[in-house]
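All remarks here apply to the structure that follows.
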Amino acid sequence: MDGTEANRRNCAKTEQQKMLDSGGNQSGSKDRVTLKKEIGLLSACAIIIGNIIGSGIFISPKGVLDHAGSVGFSLIVWVLGGGICALGSLCYAELGVTIPKSGGDYSYVTEIFGGLVGFLLLWSAVLIMYPTTLAVIALTFSNYVLQPAFPDCLPPYIATRLLSTTCVLFLTWVNCSSVRWGTRIQDIFTVGKLLALVLIIIVGMIQIAKGHYDALDPQTAFEFIKDPSVGQIALAFLQASFAYSGWNFLNYVTEEVVEPRKNLPRAIYISIPLVTLVYTLTNIAYFSSMSPQELLESNAVAVTFGEKLLGVFSWVMPISVALSTFGGINGYLFTSSRLCFSGAREGHLPYLLAMIHLKSCTPIPALLVCCTATILILCIGDTHNLINYVSFINYLSYGVTIAGLLYYRWKKPKLVRPIKVNLLVPCSYLVFWAVLLGFSLYSEPVVCGMGLVIMLTGVPIYFIGVQWKNKPHCISSAVERVTYLGQKLCYVVFPQDDPSEIQPLTEKSEL
């Protein structure tokens, strides 16, 4: 974020040319260095499902039940949570084919509202939202892997951190090495995590067929453990939203999707209903063998479920959850690194983060930043109590983005839109969004207030780092040297964009 945008780009491109001249063009200098389009419809569905189904379904049921107050109402929260995601995903399908840039929310908000609003969203996401979510998933992975070795107590603090860090470092290396490797891991582990949840569902349905459904009986299902309040219901939705987070992540890699204007909406339409069905049935299965009290007392719901019903095969559950969260870490690294990449390309982050490896075409600097931020969060302490906070920031960004859809329609009514959802869809989402955030802020003013404060700290950073063009020469020179060193170490250059793929569609001509 140093100097003028033109100077920075010229400097970086000069260094890129130096690398090419020094042997970086071994395969031919006329070859274009671009992000590879290797995400077909199947991989696109795997990215959405794989990012949604991570650690949330194994840790959020406890929080949802605690805030909802009853089994019946918690199941309603899970179904409505999926419905809300479906409304949001329809809006994102329209935005994704109208503004076909990688970067998701950030790219859309920047295009519609301008640099400051986009930067604030980027700032909160890169600083805390995605590193914290990655840390939570990584800790869930390590806890479930180590649980069999410590059946009567929690795994040691150091052991969980070391294993989590090792997992994050390994998957960062994989994604730095090859886009194809990253997507193949996503495909394989998405199938694995779906099979794990299908196993839970099948075992649960067998229990129900045997008559073990006391907690699901309507008369007892709506017996409230504690008196519910609107604020607690809002927090229950926030807990569920953590489990559903990731439904918009395919929009972060739009430029790597084959035929994005076709496959982006198709993947959304397939994935969201499937995940909602799986989540609801999984929670029904949990309650077929566990009382509400047992679920609230469990530190690992799936493990407790396996111990009660699978007998000698109870080891299947921790392994299945570990595989699920492993795939979730891969998916979050893959997509969140593209957010850094998009932010750097817009000039909101150092331009080094907008460069890709000369041969593998992977955004190595952006991946390393995401990896480092996640490891720092892991070192801070227990991140599980940040779920409400992360969910609040998530919903805040969703609402701003979907409000942008309405504003963009008013601002550019003649723009060609291959998908145009009914106005009731974004309006319904925004009504729910406003109510949820309002009551969440009322119930947890400190948690939600801190989220707003951290987001607003990006305002001075934006004006100093982005808007202040004529910085002292010593600062500009220092950043240029760091950029040059980063290029040499990571062997990265600026990708050559295809304008037809990343520009918004043209407006309809008047007849």
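One is the number of the first residue shown, and numbering goes on along the chain from there.
Placement of Cβ uses the backbone N, Cα and C atoms for every residue, glycine included.
Per TrEMBL, the features are:
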type	residues	note
REGION	1-30	region 'Disordered'
COMPBIAS	13-28	compositional bias 'Polar residues'
TRANSMEM	39-59	transmembrane segment
TRANSMEM	71-92	transmembrane segment
TRANSMEM	113-138	transmembrane segment
TRANSMEM	158-176	transmembrane segment
TRANSMEM	188-209	transmembrane segment
TRANSMEM	229-247	transmembrane segment
TRANSMEM	268-289	transmembrane segment
TRANSMEM	309-335	transmembrane segment
TRANSMEM	356-380	transmembrane segment
TRANSMEM	386-409	transmembrane segment
TRANSMEM	421-443	transmembrane segment
TRANSMEM	449-468	transmembrane segment
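Looking at 113-138, 229-247, 449-468, the range that has the most CB pairs within less than 8 A of the transmembrane segment (356-380) turns out to be 113-138. Against the transmembrane segment (309-335), stretch 188-209 shows more Cβ pairs under 8 Å than any other of 71-92, 113-138, 188-209, 229-247, 449-468. Against the transmembrane segment (71-92), stretch 229-247 has more CB pairs under 8 A than any other of 39-59, 113-138, 229-247, 421-443, 449-468. Ranking 113-138, 229-247, 268-289, 449-468 by CB pairs under 8 A with the transmembrane segment (421-443) puts 229-247 at the top. Ranking 229-247, 268-289, 449-468 by CB pairs under 8 A with the transmembrane segment (113-138) puts 449-468 at the top. Residues 48, 50-52, 54, 56-57, 60, 63-64, 66-69, 73-74, 77-78, 80-82, 84-85, 88-89, 133, 268, 271-272, 275, 279, 328, 331-332, 335, 387-388, 390-392, 394-395, 435-436, 438-440, 442-444 of the same chain, all 6+ positions outside the transmembrane segment (229-247), place their C-beta atoms under 8 angstroms from a C-beta of that stretch.
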